[in-house]
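Participant: Take a look at the following structure, please.
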Amino acid sequence: MAVLECKTEEYLHDASGVKRCCERCRKGQYVRTDCGKSTKTECETCQHEYYTAELNFLKQCLPCRVCYSSSNQKVLRECEASSDRQCVCKTGYYCTDDGCEHCLPVTLCPLGSGVVNQANPQNDTVCAPCQPGTYNSVNDAITHCQSHTRCGDLGKEVKSAGTETTDAVCGAFISRCHWILPTSLWAGLVVTSLIIILICIYWRAKRQSYMPANSSGPGIPVEPAPPSFAPAELKFPTECNSHWSLDQKATEPLFINTAVIQVNGYTSDCEVEADGTTITMTTSERFSQSDHSNGMRRNDIRPSRYLSEPQEDEWPGT
């Protein structure tokens with residue numbers, strides 16, 4: 001007798017010695033009535049808190065799982081007709097099996113050791129000793145080993161070196177300006193000296209520029225100033241040691257006086273004859289006056305004039 005083989009989505013139903021292949025129910029359902037000679041399988045949806053998670057020929061749905069807080073569990077996903085309720089361990093606990101039926105507290109890394117891998121619902125904490133230059137002063141399941149504070153980078157002294165369980169302790173700031181003060185003083189001294197030297201040079205040069213031309217030291221040559229008027233314009237007698245009359249027709253006797261005339265730096269003795277009153281010309285004085293307009297110096301000839309005394313033949317009664 002041949003053995004009846006059913007498909008994957010079917011199941012073998014034996015009713016009173018009669019075997020036939022019936023269609024399975026989908027997940028979230030169960031078999032209410034098996035198939036018959038001319039009927040199909042009747043399926044029914046699972047009720048609340050019951051489920052079926054795959055094709056089945058169950059006569060009733062499976063009850064949903066319960067998450068117990070007393071076992072440090074919490075709900076990850078609620079129960080549905082097509083899936084069971086999922087439970088996970090609370091924070092600080094991890095599961096010891098795939099079904100997460102039991103939750104155990106995670107391992108806390110001791111002082112001097114840090115967390116390499118944090119715990120998760122399926123795995124415990126992985127700890128490792130802190131390497132040189134690092135430390136961990138906290139006993140927990142989340143802190144990694146941390147590097148010691150580098151006091152030198154902060155410009156501070158190391159008051160206490162760090163260990164595997166404590167951080168380094170920094171002291172006061174390191175004084176790094178012991179060479180800056182002398183350098184600043186030297187720089188200021190050099191600059192001040194240069195300024196003083198430059199001021200002395202400038203003052204000396206300025207003083208020499210104002211030194212007169214006839215001084216013993218080197219000076220600026222000064223050329224003699226030209227006369228302020230041409231010699232031809234002078235109206236004084238040019239014939240010396242001679243007699244002449246201002247008026248050849250004068251009937252009065254001429255009185256001759258001798259005068260010394262200096263014209264343009266040249267001095268000569270001249271006798272000037274005048275009709276009537278005699279003008280005696282003395283040595284001209286040389287006056288120097290500044291010309292504000294061009295800075296030149298000029299010479300003026302200023303003869304002194306005064307009346308001559310009467311001669312003996314001019315006395316009254318003679």
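Cβ coordinates are placed from backbone N, Cα and C, and glycine is handled just like the others.
TrEMBL: automatically predicted annotations, no manual curation.
According to TrEMBL:
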- 5-43: domain 'TNFR-Cys' (DOMAIN)
- 5-43: repeat 'TNFR-Cys' (REPEAT)
- Cys6-Cys21: disulfide bond (DISULFID)
- Cys22-Cys35: disulfide bond (DISULFID)
- Cys25-Cys43: disulfide bond (DISULFID)
- 45-87: domain 'TNFR-Cys' (DOMAIN)
- 45-87: repeat 'TNFR-Cys' (REPEAT)
- Cys46-Cys61: disulfide bond (DISULFID)
- 88-127: domain 'TNFR-Cys' (DOMAIN)
- 88-127: repeat 'TNFR-Cys' (REPEAT)
- Cys109-Cys127: disulfide bond (DISULFID)
- 129-170: domain 'TNFR-Cys' (DOMAIN)
- 129-170: repeat 'TNFR-Cys' (REPEAT)
- Cys130-Cys145: disulfide bond (DISULFID)
- 179-203: transmembrane segment (TRANSMEM)
- 284-293: compositional bias 'Polar residues' (COMPBIAS)
- 284-318: region 'Disordered' (REGION)
Participant: Neighbour count, 10 Å Cβ-Cβ cut-off, for Cys46 (disulfide bond): what number do you get?
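Facilitator: Cβ-Cβ neighbours of Cys46 (disulfide bond) within 10 Å number 23.
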Participant: Of all the disulfide-bonded residues given, Cys21, Cys145, which residue's CB has the most CB neighbours within 10 A?
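Facilitator: Of the disulfide-bonded residues Cys21, Cys145, the most buried by Cβ count within 10 Å is Cys145.
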Participant: Between the disulfide-bonded residues Cys6, Cys35, Cys61, Cys127, Cys130, where is the Cβ count within 10 Å the lowest?
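Facilitator: Counting other Cβ atoms within 10 Å of each of the disulfide-bonded residues Cys6, Cys35, Cys61, Cys127, Cys130, the minimum falls on Cys6.
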Participant: Would you identify which of the disulfide-bonded residues Cys22, Cys109 has the most other C-beta atoms lying within 10 angstroms of its C-beta?
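Facilitator: Per the Cβ count, the most surrounded site is Cys109.
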Participant: Per DSSP, to which secondary structure element type does Cys21 (disulfide bond) belong, with helix, strand and coil as the options?
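Facilitator: Its secondary structure by DSSP: strand.
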Participant: Are there residues of the same chain, six or more positions away from Cys43 (disulfide bond), whose CB falls under 8 angstroms from its CB, and which are they?
Facilitator: Cys25, Arg26, Gln29, Tyr30, Val31, Arg32
Participant: Using a Cβ cut-off under 8 Å, which residues of the same chain at least 6 positions beyond either end of the domain 'TNFR-Cys' (45-87) come close to it?
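Facilitator: Same-chain residues near the domain 'TNFR-Cys' (45-87) but 6 or more away: 9, 11, 22, 24-31, 93, 100-103, 105.
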Participant: Would you list, in sequence order, the disulfide-bonded residues among Cys6, Cys46, Cys127, Cys130, Cys145 whose CA lies within 10 Å of the CA of Cys22 (disulfide bond)?
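Facilitator: Taking Cys6, Cys46, Cys127, Cys130, Cys145 one by one, the ones whose Cα falls within 10 Å of Cys22 (disulfide bond) are Cys6.
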Participant: Which of these disulfide-bonded residues is closest to Cys46 (disulfide bond) if you go by CA atoms: Cys21, Cys35, Cys109, Cys127, Cys130?
Facilitator: Cys35
Participant: For Cys25 (disulfide bond), just count the other CB atoms lying within 10 A of its CB, please.
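Facilitator: A count of 24.
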Participant: Take the repeat 'TNFR-Cys' (88-127) and count its residues per DSSP category (helix H/G/I, strand E/B, coil), listing them in that order.
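Facilitator: Taking the repeat 'TNFR-Cys' (88-127) as a whole: 0 helix, 18 strand, 22 coil.
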Participant: To the nearest whole angstrom, state the Cα distance for the pair Cys61 (disulfide bond) and Cys130 (disulfide bond).
Facilitator: 54
Participant: Can you grab the distance from Cys109 (disulfide bond) over to Cys130 (disulfide bond)? Cα atoms, rounded to a whole Å.
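Facilitator: About 11 Å separates the two Cα atoms.
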